[in-house]
Amino acid sequence: MGAHSVFLILFSVIAIAIVVHGQGQAGFISIDCGSPPNINYVDTDTGISYTWDAPFINAGVNLNVSEEYGYPKNPVLPFPLADVRSFPQGNRNCYTLTPSDGKGNLYLIRASFMYGNYDGKNALPEFDLYVNVNFWTSVKLRNASENVIKEILSFAESDTIYVCLVNKGKGTPFISALELRPMNSSIYGTEFGRNVSLVLYQRWDTGYLNGTGRYQKDTYDRIWSPYSPVSWNTTMTTGYIDIFQSGYRPPDEVIKTAASPKSDDEPLELSWTSSDPDTRFYAYLYFAELENLKRNESREIKIFWNGSPVSGAFNPSPEYSMTVSNSRAFTGKDHWISVQKTAESTRPPILNAIEIFSAQSLDEFYTRIDDVQAIESIKSTYKVNKIWTGDPCSPRLFPWEGIGCSYNTSSYQIKSLNLSSSGLHGPIAFAFRNLSLLESLDLSNNNLKGIVPEFLADLKYLKSLNLKGNNLTGFIPRSLRKRATANGLALSVDEQNICHSRSCRDGNRIMVPIVVSTLVIILIAALAIICIMRRESKIMYSGAYSGPLLPSGKRRFTYSEVSSITNNFNKVIGKGGFGIVYLGSLEDGTEIAVKMINDSSFGKSKGSSSSSSSSQVSKEFQVEAELLLTVHHRNLASFVGYCDDGRSMALIYEYMANGNLQDYLSSENAEDLSWEKRLHIAIDSAQGLEYLHHGCRPPIVHRDVKTANILLNDNLEAKIADFGLSKVFPEDDLSHVVTAVMGTPGYVDPEYYNTFKLNEKSDVYSFGIVLLELITGKRSIMKTDDGEKMNVVHYVEPFLKMGDIDGVVDPRLHGDFSSNSAWKFVEVAMSCVRDRGTNRPNTNQIVSDLKQCLAAELAREPKSNHEKKEVVKEKYTKTKSTVQNYSSNEYNSSSGSVSLSFGDYSTFGPMAR
């Protein structure tokens, strides 16, 4: 039996026999890279639970180390080092880690490498590591049995962390194990805040007796190496030392031992040399008093670097550990740290442990978020068989295969995309349109079907479009032909399948008579049906006004009928600028809501006069009635009918038992509105908006998206209502139309307000405000303690900059939510309210992102009642509410008050730069 088989059997037995004890390892990600599929086990040396790596990466091959270096010849070989994942293809291959604590938190990331001649070449490779888009370190091995360990402390800039291996032409990259550990985000501070990562240089246990300090002794699972020169003594204690006083939490076996010089008057000295004098080093020194000092004894210490003081004099505590670090980076070639006793000290200096890190700047930029979302959608839609992991454009030396980028701005942009011969199937996806800065697109030699979509003409910077070698049919859109004719676009298509207007006309001569004849027959039949239905309508409503015919299931009511079904307008269930809403009941008992339109209905446009209000009401009533007849979606309020008999106007909807979202959030009912329910409401509303933008032909922009226009039924399912201000766009063009500004203060898109240009992103802005109201429980416009008006975006800004998601979330949730889900939700909301509409996501992306938020919430464990109370108590102690819920009905907007401008929040919270 081969060595690998023996090891695998033993490996499986241990994996089955040991109960995986993940408790205490909350937030740990421990990956055995290259392990067999579906293998999960507990490492007997560390007690750490490891898992296979396929869920984290879809590239590379799994291989075992050679028999010479594996089990049983090496019986003490740690399980994670017995196999590797190797990456013979692609310049950059990335593991995708999604830590449970999400963005804004500090993590220790550790990668392990043992070559073990896994490829039989006896050739030690050299390659680089990156975290996200920034360089981490180079991996160099001295021999095949060496276990090279690399560590970095890094703040997560998003919910996803990419750890990438980069081939630099010196051998095939590989990896044995990858680990992530959540840290206390307040420790390991530097003068650069969170704008650097810290790469481990050394971590020494200077009073080492035995052990490594790893988990479970070290809650952060740091690996401590022994360091004890012959000129040092070692002291220890068995007494209690509080390691939790400080967030650094050194393990007992490390802090309870210390080094001291053999001569009491000598210092403790450490030195190292840097090959790069510009490297910035930070040292973290650990101290605790281990001796019972007498009354006439004292230990007072000062720390020096290259002769300059790092700290003032201090006395190590016998009760708890303390950590001292340099506030300014150490730079230069030669470094010398000296721990000395002061003149007043009777006892020699001590040092329990030390960590030294080099600071790695986060200099690289990320790809523009809209481009990332678009290319990820393309990747998912077509299941692109390329090594597309990590950021598409960054680091700039290693973009994705087939992608060309522009690196002239603070965010990189995709300029060219070559997917020729990539096995693409199906129609040309709408996601290509969202690569708005694209100059060259090559989709040739695939199996794309359907028409050439007109939205490709929206790519205004496109200079080259190659669609040859596909199964596309139909006309070339006029807008594309026009650009190609004007020599602004190099267009390549298959002439035999895709036709210009003249050639298609000749080819369709036979079809024209058939189509015309069919249409004539259909028209005659339709006229006959209409005549019959009109006659029946006159009988049913004898004496009533005969207006447009309503579709099946919709009714036109007379005023007397409206009065009857509302019991003479007996019960008011809502009021607003449009008029009053009454509860009604149809003959079959179905409850309905009757919205009576008054003469001051609907929002006035910017610059409108009162003299035009009556005609405006009539126009908006007509717009809403016509739209309600044509739109049908489960997340749009269902339309029953209307009344317009010359005296009164009314719109009649299905009754929504829980009223509108604005009132519900302000009521006592909101106490029971869990985070999961809020996410469902957000998704429902987003889907309704998505239907208006992308499911209707022609598209519709609502123009008055707000919590008051989102209705809730008895199951808290959300439906968008009130289409009086809606705008129908010509054909499928959602670029923009110039129109008077209408909407509600606090929700109006500032870009629309200032330019009069309306498009779908105006609705997206308003929806971003709705999302912020959902998560905060605040109104779109509120009052501060000093009586000033504040928009909800400005309310959340300071919390995001501090990375305080608890400060953002509605306290009525009592802390019972997934922080990962909440951060993602706020990220979506803030992306919706970016200054420029082009930088906001479309509703397709919003729906997708919100579903991810829901998935994260459903995956978590709910908090206990005790935990909820503690969260609320802590939150109210930290931040008393300085903003009160404020009714937007009290707010009368001037032109300036809705002309709001907010910063770009593609990155925010603790990682805002």
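Backbone N, Cα and C define each Cβ position, glycine as well.
Because the structure is a prediction, the values reported are computed rather than measured.
Listed in Swiss-Prot:
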type     : residues                                                   : note
SIGNAL   : 1-22                                                       : signal peptide
TOPO_DOM : 23-509                                                     : topological domain 'Extracellular'
REPEAT   : 461-482                                                    : repeat 'LRR 3'
TOPO_DOM : 531-913                                                    : topological domain 'Cytoplasmic'
MOD_RES  : T558                                                       : phosphothreonine
BINDING  : I573, G574, K575, G576, G577, F578, G579, I580, V581, K595 : ATP binding site
MOD_RES  : Y653                                                       : phosphotyrosine
MOD_RES  : T739                                                       : phosphothreonine
MOD_RES  : T744                                                       : phosphothreonine
MOD_RES  : Y752                                                       : phosphotyrosine
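Of all the binding-site residues given, namely I573, V581, the one with the smallest number of surrounding CB atoms inside 10 A is I573. K575 (ATP binding site) and Y653 (phosphotyrosine) are 15 Å apart (CA-CA, integer value).
Neighbour counts of Cβ atoms within 10 Å were compared for the modified residues Y653, Y752, and the top value is held by Y752. Each of the modified residues T558, T744 was ranked by the number of other C-beta atoms within 10 Å, and first place falls to T744. In this structure the alpha carbons, written CA, of K575 (ATP binding site) and T744 (phosphothreonine) are 15 Å apart. Within 10 Å of the C-beta atom of K575 (ATP binding site) sit 10 other C-beta atoms, taking all shown protein chains into account. The separation of V581 (ATP binding site) from T558 (phosphothreonine), Cα to Cα, is 17 Å.
DSSP classifies T558 (phosphothreonine) as coil under the three-state reduction. Summed and averaged per residue, pLDDT over the repeat 'LRR 3' (461-482) gives 91.
Of I573, G579, V581, Y752, all annotated as recorded positions, the residue with the shortest Cα distance to T744 (phosphothreonine) is Y752.
Look at the repeat 'LRR 3' (461-482): DSSP puts its residues at 5 helix, 7 strand, 10 coil.
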